[in-house]
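The structure appears right after this line, and notes come after that.
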Amino acid sequence: MDLSEFVLGGLASTGATFFTNPIEVIKHVIKTRIQLQGELAARGTYVEPYKGLFQAFVTVAKNDGWAGLQKGLIPALYFQFIINSFRLSIYQMALNERWMHTKNGDISFGLGLLWGAAGGALGSYLSSPFFMVKTQLQSQAAKEIAVGYQHHHTGMMPALKQIYKKGGLFGLWRGALATIPRASLGSGAQIATFGKTKEFLIEYNLVTQPILNSFAAGLFAGSVMSLAITPPDVITTRLYNQGLDEHGRGLYYNGYFDCVVKILRSEGIYGMYKGFWPNYVRIAPHSTLVLLFFDELLRLRDAYFVKRKN
């Protein structure tokens with residue numbers, strides 16, 4: 001793995017987060033709360049403080065103030081840097097070594113899925129403590145609009161210390177395995193779509209200019225990623241946010257598959273797609289910028305080294 005590609009992957013992600021920060025913050029807070037409201041209750045049988053993206057934004061701003069829309073931003077940045085450093089550098093390595101190509105030289109969608117999923121799984125597992133803290137901070141709300149279990153953390157470091165004190169290193173990685181399906185599906189769909197779309201646009205002479213090609217392919221990849229990632233995202237949110245009993249066991253779910261079964265039984269397929277639009281509003285532009293910035297940073301790196309060699 002090229003260390004420069006590892007660093008550039010993280011920089012591309014944090015750069016994209018800088019530009020999409022207002023959407024990022026709003027999406028994370030609102031998406032998390034939409035996914036937690038009506039937990040294990042049939043549709044139409046519970047009060048919905050959050051009825052949609054715009055109404056949820058107004059509700060949070062009114063009850064929690066502007067600070068409520070910024071909860072979890074710092075751990076989100078740590079999470080984004082770590083996961084994208086691994087998955088984008090692994091993707092680029094597979095591309096450079098032609099591990100994503102078929103025998104006739106074309107980029108394979110299936111191999112793109114494989115390498116994108118591998119990078120996403122590794123990155124998400126290693127960044128899991130920050131995802132947990134982000135989720136728990138973003139679920140905290142004023143009493144009038146609180147949904148799900150409330151942890152009452154005061155910030156990222158106090159949250160990490162409290163989780164470690166209660167469960168040790170295992171506690172910091174509680175639910176980490178649940179992030180692997182989410183990250184694998186989302187990253188695999190994004191990476192495979194991005195590589196194949198770039199190739200398609202160039203092959204048919206639709207978008208050949210590098211920066212526009214990366215932009216168009218990144219936008220389409222983000223749309224596909226949103227569809228793939230929402231169901232496992234709901235499951236991850238539920239598992240990370242649930243409270244624990246005196247034995248350290250989850251109050252609602254015994255594990256990943258138990259969570260899937262209970263959501264489908266209580267909330268139906270609708271429950272698996274709670275928070276899709278907040279997901280899409282954030283993922284589409286963020287995906288576009290991450291992949292665009294990564295490609296541009298690679299081009300700048302290569303141009304710099306070519307000049308130095310000359």
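Just so it is clear, glycine is given a Cβ too, placed from its N, Cα and C backbone atoms.
Matching 107-126, 287-306 against TrEMBL, the residues noted as transmembrane segment span 107-126. For the transmembrane segment (76-95), the list of distant contacts is 1-2, 5-10, 12-14, 17, 24, 28, 107, 111, 115-116, 118-120, 122-124, 126-127, 130-131, 134, 156, 183, 187, 191, 195, 290, 294, 298: same-chain residues at least six beyond its ends, Cβ to Cβ under 8 Å. Only residues 6 or more beyond the boundaries of the transmembrane segment (107-126), in the same chain, are considered here, and those with a CB under 8 A from a CB of the stretch are 82-91, 94-95, 99-101, 173, 176-177, 179-180, 182-196, 199.
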